[in-house]
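Report on the structure given below.
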Amino acid sequence: MIKLGVIADDFTGATDIASFLVNNGLPTVQLNGVPPSDFKVDTQAVVISLKSRSCSAEQAVADSLNALAWLQQQGCQQFYFKYCSTFDSTAKGNIGPVTDALLEQLGETQTIISPALPVNGRTVYQGHLFVMDQLLSESGMRHHPVTPMTDSNLMRVMEQQAAGQCGLVPYAVMDQGADAVKQRLAQLKEQGMRYVVLDTLNEQHLLTQGEALRDMKLVTGGSGLAIGLARQWADSTKQTSSATEAGKPQSGAGVVLSGSCSVMTNKQVAHYLKQAAGRAIDVARCLESDDAQQSYAQELADWVKAHRDDALAPLLYATSSPDELAQIQQRWGAEASSHAVEKLFAAVARQLQEDGFQRFIIAGGETSSIVVQTLGIHAFHIGPSISPGVPWVRSTTHPLSLALKSGNFGDEDFFARAQKEFAA
C-alpha cells in the first residue's frame, strides 16, 4: 500500500523530493504525469510529477485534483503537495488555489506551508523565506522570468492568492519539539487559520515537523519536509539501498542540456565550458519555420554526436544572464521564446535517443519536463544523489538514465561531477 503520495508541480521538483524520500528510508517510484486508473505500482511512496508550476491556476487545480484522485484510488494514506523551496508563485500564482482545492476535496480544514530546505540554504524565519543569507525578495529569484519573487513574507503571499487566513509556528515553538508544534497547530485551527507557515532553520526542525505532521492528511512544502516524513513512514532502511541501486546511471553516450537561466546554472555552464565542448542555442533560429527548426535540431544533434567520445559530455545551452534574457524576451516575447527553446531541446533529445544516447543531464524544470515526455519515459527508479535533491534516475522501461536539475540546485562543478563520480 502507498503510504505517502506526492503531487509535485514540476519534473525536477519531483525527482528532488523522491531522492529525499529514498535517502531517508522510503522506497519510492516517480511517475511522469497521472497514469491510467488501472496502473499499479508496488512501492511505499509515489511521486507524481506534473507541469503545473507556471500554468494558470485553473489548469494547475485540474491537474492536481486528477493526481489526487489516482492516489486516493490506490489507498494512499497521506498526501503531499510539493512546490519549489523558493515558493515560486506570485500573487496570481497557483500554490494557494491548488492547496484550497486539495483541502476541499479531502474534507480538511487546515494544512501547513513548509518550503524550507536548509541543506540548500532555504530557511524560514518569522515566516520569511531566506535564500542563504538573503531574503527571497533580495535574491536572484526576484529576476525569475516567469515567477519573480518580490515578497519574502510567506503568510502575506499565501493570503494574497488563497481563500483563507495564514498563521505561523515560530522557531521558538519548533525548538520545543513535536508536541509543542501540534499544540500550536491546534490553537491556530481554533482561530480559523487554514494555512500555517512553519519556521525552519535546520534539519532538526524538519525532523520535528515530520513527527508532528504524521497524522495530517494533507501537507504542503518543498522537498525538505520529506526528510522528517519519510523517517516516520519508513519500516527500515534495508529497502533503501536496493531502491537506490535500481536508479544508478548506466554506461553510454551522454549529453548535457541546459535551459535554465538561474544564477547557479549560469555559474555551472560557465564552469563546465572550461572543461568540455559547448554550444549556445540561437533563439532566433528556434523561432523560424518548422522545416528550419527541424534542420537546426539536426545540426545541433550532429554536433553533439561528433563529440560523443569526449571525456565529458558535450553541452547545449540556452542559459543566459538576466540582461541577455530580458533582451530575448523583449524581442521575441517570454512565452514564445521559452516554448521555442523547449521544443528545440525536445527535438534534439529525440534524435540523440534514436542514435543510441543513454545519459541525459538536464538543467531546468521546464526543459526536463518536455525532454522526459519526448523520450517516452513514464516512470523511473530513483538513484544516488549527485547533490542534495538531485539524484540520477533510471527509466523503468527504457535504457535511459537522467539527472534532472532544478535551476539553482547543485554546485558549480555539478555537470562534470555527475559524470565523474557516477561513472558506470
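Each Cβ is built from the backbone N, Cα and C atoms, and glycine gets one as well.
Going by Swiss-Prot, these are the annotated features:
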type: BINDING; residues: S260, G364, G365, E366, T367, G407; note: ATP binding site
Three-state secondary structure, G364 (ATP binding site) (per DSSP): coil
Listed in sequence order, residues not in S260, G364, G365, E366, T367, G407 with Cβ within 8 Å of the centre of the ATP site Cβ atoms: T12, G259, S262, T265, I362, A363, S368, K405, S406
G365 (ATP binding site) CB neighbourhood, other CB atoms within 10 A: 28
Proximal but sequence-remote residues of the same chain as G407 (ATP binding site) (Cβ under 8 Å, at least 6 apart): S260, C261, S262, M264, T265, A363, G364, G365
CB within-chain contacts under 8 A for E366 (ATP binding site), separation at least 6: D10, K51, S54, G259, S338, E342
Long-range Cβ environment of T367 (ATP binding site), under 8 Å and at least 6 residues apart: L257, S258, G259, S260, A318, V341, E342, F345
